[in-house]
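Peer 1: Below is a structure I'd like to ask you about.
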């Protein structure tokens, strides 16, 4: 599928990101998985060489995927293909744009390349998605040009608790702004370490200026539906599908649950007979230094 023409205009990039609302974006490591994801109803796939669970288990430095691998997935499906670049690694982003990916994830799942600076996303035609654990972090990424935000969660664990915490935090901070007087927003902007203009926008609109999706630890249809009920615009699923016992059926079930997140009968029906979910890791058992969501600022 050919890449979108965005002309580096923030509004156009955000408009392109709107197409993913209400949908599921799935991590895939080869063309076969990409085709499974497309057949299951995924709105996009994330091409990477190792899913987060394997990155976590194998350790070492994790970088952008091989261009040949990304090309194979681009050729295999007709839905948009995303790919990850390291935080701050603008040359990896340049390469991904050259390859024709439709979205770049400046991702904490990969080993950060720069501990002081994120990528200047306005310098690219391709839109970016970035992770956030709170509203200030989300607005700083938007100020750098991100066209989509995802609450981080804790990737590769199968434990949805951090995804819940981050989504609730962002939503609560948004709600707090909506009740503030205009003069209080100056103080809020300082506290959030975010531009005043973006803080005012959130206060007036009651939402981010870009779509807010969720990620990290989503492993079941019920997980996906819960995150949608908590206010997510869509769902990223990483290890939860292809580290499970029946990836094809689980992928379809998570898509159905995301689309019908307020329908317990549908969620119950699609949750039957899925086989074993990924084994997972309790986030509380992870040392702070091993928590991927801590990356970024």
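The backbone N, Cα and C atoms fix where each Cβ goes, and this holds for glycine too.
As annotated in Swiss-Prot:
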BINDING   27, 156, 217, 238, 239  D-ribose 5-phosphate binding site
ACT_SITE  84  active site, schiff-base intermediate with D-ribose 5-phosphate
BINDING   168  D-glyceraldehyde 3-phosphate binding site
Peer 1: Which of the listed recorded positions (84, 168) has the least company, meaning the fewest other Cβ atoms within 10 Å of its Cβ?
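Peer 2: Taking 84, 168 as the recorded positions, the minimal 10 Å Cβ count falls on 168.
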Peer 1: Counting across all protein chains present, how many other Cβ atoms fall within 10 Å of the Cβ of residue 238 (D-ribose 5-phosphate binding site)?
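Peer 2: Residue 238 (D-ribose 5-phosphate binding site): 29 neighbouring Cβ atoms within 10 Å.
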Peer 1: Could you state the whole-number distance in Å separating the C-alpha atoms of residue 27 (D-ribose 5-phosphate binding site) and residue 84 (active site, schiff-base intermediate with D-ribose 5-phosphate)?
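Peer 2: Between the Cα atoms of residue 27 (D-ribose 5-phosphate binding site) and residue 84 (active site, schiff-base intermediate with D-ribose 5-phosphate), the distance comes to 10 Å.
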Peer 1: Between 27, 217, 239, which of the binding-site residues has the fewest other CB atoms within 10 angstroms in the structure shown?
Peer 2: 239
Peer 1: List the Cα distance (Å, whole number) between residue 238 (D-ribose 5-phosphate binding site) and residue 84 (active site, schiff-base intermediate with D-ribose 5-phosphate).
Peer 2: 12
Peer 1: Tell me which of the recorded positions 84, 217, 239 ends up closest to residue 168 (D-glyceraldehyde 3-phosphate binding site) in space, Cα to Cα.
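Peer 2: Result for residue 168 (D-glyceraldehyde 3-phosphate binding site): the nearest of the recorded positions is 217.
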